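The following features are taken from Swiss-Prot:
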- 19-39: transmembrane segment (TRANSMEM)
- 56-76: transmembrane segment (TRANSMEM)
- 90-110: transmembrane segment (TRANSMEM)
- 113-133: transmembrane segment (TRANSMEM)
- 144-164: transmembrane segment (TRANSMEM)
- 171-191: transmembrane segment (TRANSMEM)
- 222-242: transmembrane segment (TRANSMEM)
- 254-274: transmembrane segment (TRANSMEM)
- 288-308: transmembrane segment (TRANSMEM)
- 317-337: transmembrane segment (TRANSMEM)
- 376-396: transmembrane segment (TRANSMEM)
Amino acid sequence: MSPSDVPINWKRNLTVTWLGCFLTGAAFSLVMPFLPLYVEQLGVTGHSALNMWSGLVFSITFLFSAIASPFWGGLADRKGRKIMLLRSALGMAIVMLLMGMAQNIWQFLILRALLGLLGGFIPNANALIATQVPRHKSGWALGTLSTGGVSGALLGPLAGGLLADHYGLRPVFFITASVLFICFLLTFFFIRENFLPVSKKEMLHVREVVASLKNPRLVLSLFVTTLIIQVATGSIAPILTLYVRELAGNVSNIAFISGMIASVPGVAALLSAPRLGKLGDRIGPEKILIVALIISVLLLIPMSFVQTPWQLALLRFLLGAADGALLPAVQTLLVYNSTNQIAGRIFSYNQSFRDIGNVTGPLMGAAISASYDFRAVFCVTAGVVLFNAIYSWNSLRRRRLAIE
């Protein structure tokens with residue numbers, strides 16, 4: 001029996017990719033708490049300049065990731081997903097190391113852009129697992145995998161803040177690079193993939209990729225859904241601490257309260273994603289998606305009327321539980337409507353839409369709060385999610401009618 005004929009232990013691959021997503025999520029969020037402080041340390045002074053550069057170095061990573069994702073997705077479909085995981089982990093480790101050595105803001109900005117260009121560990125992990133797991137377990141597997149990145153993103157800021165306080169800002173980048181290198185080693189030694197490389201001539205072109213989809217309109221609507229999910233999440237991020245301060249009044253531990261309220265949706269998503277993914281395997285991911293979107297709307301509206309931080313925390317916890325089902329449901333529907341041959345590109349296109357949402361969401365939230373007030377952000381976000389629920393329901397209904 002040749003190595004390519006040996007059955008893949010997809011459960012082991014799921015465990016290792018979960019750990020890889022956890023380490024990647026932690027590595028990315030480790031540096032987030034002090035990003036503006038590092039920008040200041042690199043010589044940027046003045047309130048407006050500091051705000052502008054902090055926004056630029058944050059958003060440029062997502063922007064370049066959105067541009068690069070389709071290219072890496074195509075390469076994954078040609079060369080395999082494991083090699084893309086290795087490329088991403090090692091590339092990001094090297095860039096993080098260089099970030100700790102940056103001498104001025106321009107070097108740091110270029111390195112943040114390079115981080116976006118070389119990223120893509122999580123979408124490639126999703127594509128790898130989606131092509132190996134039995135179809136009837138896709139929802140559970142992708143829901144479980146999503147908790148890896150969420151867990152890392154939750155613990156990262158806490159660990160990053162503690163490390164920065166004890167060792168300074170630059171050493172945190174070196175520690176982050178080490179974490180990403182561990183991710184590279186885990187992937188190299190423990191992930192297995194049976195993949196026959198495809199020549200460039202045999203690769204499907206974009207038009208052929210679209211033609212091979214079972215329902216191209218539905219897949220496009222799922223990409224839009226991913227974008228809107230990230231817009232809805234990101235729109236609240238810039239104003240959350242200020243909104244909590246408005247609700248709490250003059251208290252000494254505002255940073256702790258804000259941090260707790262910021263993290264509760266992630267905790268809820270961590271608990272709900274595998275369970276709702278399993279439920280989606282039983283009743284259908286499309287039902288989970290629509291119900292979760294409607295619940296999100298019903299939770300966002302009262303957030304604009306809360307009177308205390310704890311009311312906001314409770315609503316955000318419930319919102320996180322609903323949101324935990326959204327991206328895994330989208331990814332499961334993408335698996336159902338595409339073939340393994342194009343999985344890398346489909347998941348990379350989805351990642352591009354996600355990155356665009358990560359850039360536009362905070363901009364939308366900041367613009368609305370500047371023009372109106374903090375409470376208006378929740379109402380407008382609820383409207384955007386409601387549009388998404390109607391749009392998604394209509395796309396799924398058309399698919400059902402076409403099948404019938």
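The backbone N, Cα and C atoms fix where each Cβ goes, and this holds for glycine too.
Segment contact holds for the transmembrane segment (288-308) and the transmembrane segment (317-337), given three or more CB pairs below 8 angstroms at sequence separation of 6 or more.
For the transmembrane segment (222-242), the list of distant contacts is 254-255, 258, 261-262, 289, 296, 300, 323, 326-327, 330, 333-334, 337, 349-350, 353-358, 360-362, 364-366, 368-369, 374, 377-378, 380-381, 384-385, 387-388, 391-392, 395: same-chain residues at least six beyond its ends, Cβ to Cβ under 8 Å. Comparing 19-39, 113-133, 171-191, 254-274 for CB pairs under 8 angstroms to the transmembrane segment (56-76), the maximum falls on 113-133. If one looks beyond the transmembrane segment (254-274) by at least 6 residues along the same chain, the residues whose Cβ comes under 8 Å of a Cβ in the stretch are 140, 143-144, 146-147, 150-151, 153-154, 157, 237, 240-241, 244-245, 248, 309, 312-313, 316-325, 328.
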